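What follows is a set of notes on a single structure, which appears directly below.
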């Protein structure tokens, strides 16, 4: 099981381009095929990862690892997801003395990679909305309108106020208590 | 390097990044100014004009920009032990915080107040994900080709059961192929210009 955790997060660490949110579908994919968490539990994990300082992908990995294998599981997941970047950064530092950002092959790779990452994040948003029973696919039947309104309020606050995501998560938690409790 | 100085520098790396780490809410970008300050002013580890290069590397490789920056600086100063010390320094505090929060959550997740709070929080998480998509979309999608790539990828993600890693690889390869064509075109036009000039 620990070996499985290590391999899983090592693999994710290897391709974690474009900030942590793009990695959420990957983490979900692995977490589900290993039966580590349900998607709802994973959403809660991501909420906690977003509330805490540090990279969201690493935080989610640590949460999953802790849930599956306690402290040792958490340590293994943290190391596994950080290890590939460490190796790659060291290799680059070793071979590249002066970095040329323009016209290198890297910028070509990112030309195609970034739109895919964007699609992956949009997919993550749709997928999480479905898995949390907020929408049921493309149709408008059984839409949880209260949650949809919450999503748009939170999004508007992110876009138009300078409030940090941490505060928005806390406010939405408060709103949840007021509306549902 | 003298051994005692080296050990002192390793501790310095560890604690410098250890102190920055807990304020890095919302991914790495918020802490870049703090990082810059710590490595160029407080400790003269990197020259001001070199920090831009370090950030380019940190952004272009997988992983969090903050962690990668720490690793890179650690490596430049003390080699592999430095890279490890800096990386451990920056991930340890957030690791402790997330483990503490996770164990709290696992203990209280069946409490009705916590449960209702998390129903609200789920909406905020989805908003955060959409926000992340908008942010990266602004730099990623800037012409017809990139919009088509994004739309095709989204349709595939939604309707085909495929491992996301595979799609990321395809995206990178498509990026290279598209630009190769562009490069060849450019070469051709240059040659054509030459021919016309001669004529």
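Any Cβ shown, glycine's included, is placed from N, Cα and C.
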Handout entry: Of the residue ranges A:6-24, A:25-43, the one that TrEMBL records as transmembrane segment
Key = A:6-24
Practice task
Grab the same-chain neighbours of the transmembrane segment (A:108-128) for me: Cβ-Cβ under 8 Å, and only residues 6 or more beyond its ends, written as numbers and ranges.
Solution key: 17-18, 21-22, 24-25, 28, 39, 43, 46, 135
Problem - Cβ pairs under 8 Å between the transmembrane segment (A:72-96) and the transmembrane segment (A:163-180), at least three - result: no
